[in-house]
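Presented below is the structure to which this report refers.
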Amino acid sequence: MGKKFEFSKLFINLLFTVLSLVVILPFLLVIAVSLTDEKSLTHNGYQFIPESFSLDAYRYLLDAPDILLRAYGVTFTVTIIGALAGLLLTAMTAYVISRQDYRYNRATTFYVFFTMLFSGGLVPSYILITQYLHLKDSLLALILPILLSPFNIMVMKGFMSKIPLEIIESAKIDGAREFRIFFRIILPLSTPALATLGLLISFTYWNEWFNAMLYIDDPNKVPLQLLLVRTLNSIEFLTTNSEFTGQLGIDLSSFPNSSARMAIAVLAGGPMLVIFPFFQRFFVKGLTVGSLKG
Amino acid sequence: MRKRLVGVLASVMLVASVLSGCGGNNNGGTNAGTGTEGSGTDAAQSAAPESGSAGELKPVELTWYYPLSQLQADQAKVQEEVNKITKAKINATVKLMPVAIGDYVQKMNTVLAAGEKFDILWTGYMLKPEELVRKGAIQPMDALLEEYAPELKKDVPQVMWDGLSVDGEIYGIPNQQINGSRYGFIIQKRFADKYKLDTASIKKVADIEPFLAQIKQNEPDIIPFGIFGTSFINPEAHDDKYWVVPGLDDHFYIKTDDPTYTLQRYPEEELNNFRLASKWYKDGYIYKDAATEKANDYLAKGQIAVDFNVTLKPGVEAEVKAKNGGNDVITVPLSDWFSNGYSATTNQSISRTAPNPERAMMFLNLVNTDKELYNLLCNGIAGEHYDKADGEYIKAKADSRYLPNMDWVFGSVFNSYLKEGQPENVWEETKKINSDSEVNPVGAFKFNSEPVNTEIANLNAVWGEYKRGLVTGTLDFEETWPALYGKLKEAGEEKYVAEVTKQFEQFLKDKGLKK
């Protein structure tokens, strides 16, 4: 009995060791490549332990730090404002539709849910942002489009509807009005959900580049991820369309080399890696979407 | 409950219809770009350009979208300088809107679909003017060309205008550069010298074989022949016997001496190329994993001794050297210059939504005729981004903050300053090639693929399965071909050939090539 138990434990440990390796190794490789000398990259390919160590890639990036720093600034601003505003609005919306005594809660839920299934699509959104809201080249164009996600609202609603209505009623009896109930009772009770969603939302903002590609032309307002995606997309395009580039003669040697690309990836992903563990303890209390009320 | 829901739904719909109603009203005036129905009014607009333009010009701002492989740090500075010139000459300022080349298609399709107001956009290889015309996104420019850019109109060879015409109207200004093909070998000089290669003796593809054998024997780390599955060595595109029929799947030919222009499908000479590849693969001249590897990985290390190239243009040696691990190369052309017409590789077009099409045309004329303006766009500011060397030569500064390195995106490269390694007469030579190259007699044939779209997709799928294997010789041709041909037949080969033949006959009749 005891032996069998050990065996299954071993199996589980092995499984998760393998899983973590699958996740960790590629990232280690990225870091390793970013620290490898370009010449040895061309000759030996990617290696975990660089044959010749070099900080050239980072030197290249930090040589003209203004672009990078500005991009960091934009990304941080957008992430912080977006995450705070997004979290607050998500919680408010979710709270309203989670209240059983709100008359239109089903209709409102459906209204929110509906946007998960159908959306205006790319072109109408573009027209709305550029021609009606006039948000081109404005940081708002990066914040507004993903401010509220119906999925997050649903997750939040699922959590909040587990808060007993009696608490709210007793607060009312004590003379609290809706805002006080929300801010003093509901929000503190929802900390695990807020932490989790806060993390999700900040990830979304941190990784967002598509809206920036569409709406931002001013080089001073480009977020970090767009810098990265642009470089990668362009290299991808040029190497896959050799028929075109061959005819016109684009000099690929002027591009950031592989180690520089990896260095950008490290710089772009790094801060989130540091932030992640702080949120981790909140994940213990899992969240559920659409579970039945017990 | 249900009643309530219906009520809410109704009000939601009401709100939605009100909103869309507003949108419709506002759009009517501006957004004619997305549908062909807008063409009538826009044609009228462009047919009656601003009269009395020779006198005073109102100041306007033009917007110009174009792709760049890397966005430039000093873009704003250069734009300022550009505007100094344009302000003085045509009283206009230009807003330069470079887009990263990998995002260009997606971004422009969105901008165009949204009917955004802007004047000029780059069109070409990945954003074909012809497709944009079908979407109604760009406007014809014949009248504008005549009126505002007569020199430019004359300067560009007719074959390029033909390539940019859709239904008889011109939709783009070509950024003139090399237009033609000449295939041959690019050989690393160190090996050619070492084995005393007599380049004059190489007249056709097979003649290189003894040299490949020498490399194979004596240079164990070197790949004798650099074919990697993406390119197809096809001298029949044009040799003394055949012309390929362009715009199809590259397996239709006509014979050069055939006055009846009979279509040839898979002629024996073409198939011989695959046989040669099989042979070379077996002999070890082609890399053993060529079908799955990428050429660039080996090219960059200077591991490829002989490469095949279809555009051996003047100055190509300098260009290849940079990609080739810095090794010097020599070229051995196997054909004369030939051309299938102009395939609209790189051009400027004027948007349907352009608020100032006349001024846009004046500006484009200026870009293509004013050397100072053009080189400012290509190379930045003299002294700040590059240094002048002797004569027409320039040298970019080491840490230049403006070095797009894409002269062909802005305008005619014939106006550009010369870079290190380019021969002094490179543009005269290129112009000569453009005007002298032999033109494919059926180059203007345009196939309407619609009736056989399914068959084409199926045929492509079959070819996709075999092509890399066949062109690298990894698959033995004699063994593979019967099975492949059988699959092609199943995929609709015959129907496709019949449709092509039908349209081709019609084309010959229309062009008067055949009675």
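Including glycine, each Cβ sits where the backbone N, Cα and C put it.
Taken from TrEMBL, the feature transmembrane segment applies to A:12-35 (among others). The list of residues near the transmembrane segment (A:12-35) in space but at least 6 beyond its ends in sequence, with Cβ under 8 angstroms from a Cβ of it, reads 41, 46-50, 53-55, 57-58, 258-260, 262-263, 265-266.
Through the fold, the transmembrane segment (A:71-97) approaches residues 105, 108-109, 112, 139, 142-143, 146-149, 152-154, 156-157, 159-160, 182, 186-187, 190, 194, 197-198, 201-202, 205-206, 208, 221-227 of its own chain, all at least 6 residues removed from its boundaries and within a Cβ separation under 8 Å. Residues or ranges marked as transmembrane segment in TrEMBL: A:71-97 (among others).
Feature annotation from TrEMBL assigns domain 'ABC transmembrane type-1' to A:72-279.
Residues or ranges marked as transmembrane segment by TrEMBL: A:109-133 (among others).
What TrEMBL lists as transmembrane segment is A:139-160 (among others).
The transmembrane segment annotation in TrEMBL covers A:181-206 (among others).
Annotation comment: TrEMBL describes A:262-284 (among others) as transmembrane segment.
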Residues from the same chain, set at least six apart from the ends of the transmembrane segment (A:181-206), whose C-beta lies under 8 A from its own: 75, 78-80, 82-83, 86-87, 90-92, 95, 142-143, 146, 149, 152, 155-156, 159-160, 163, 167-168, 171-172, 225, 271-272, 275-276, 279, 282-285, 287
For the transmembrane segment (A:109-133), distant same-chain residues with Cβ under 8 A (at least six beyond the ends): 93, 97, 140-141, 144-145, 150-151, 153-154, 157, 214-215
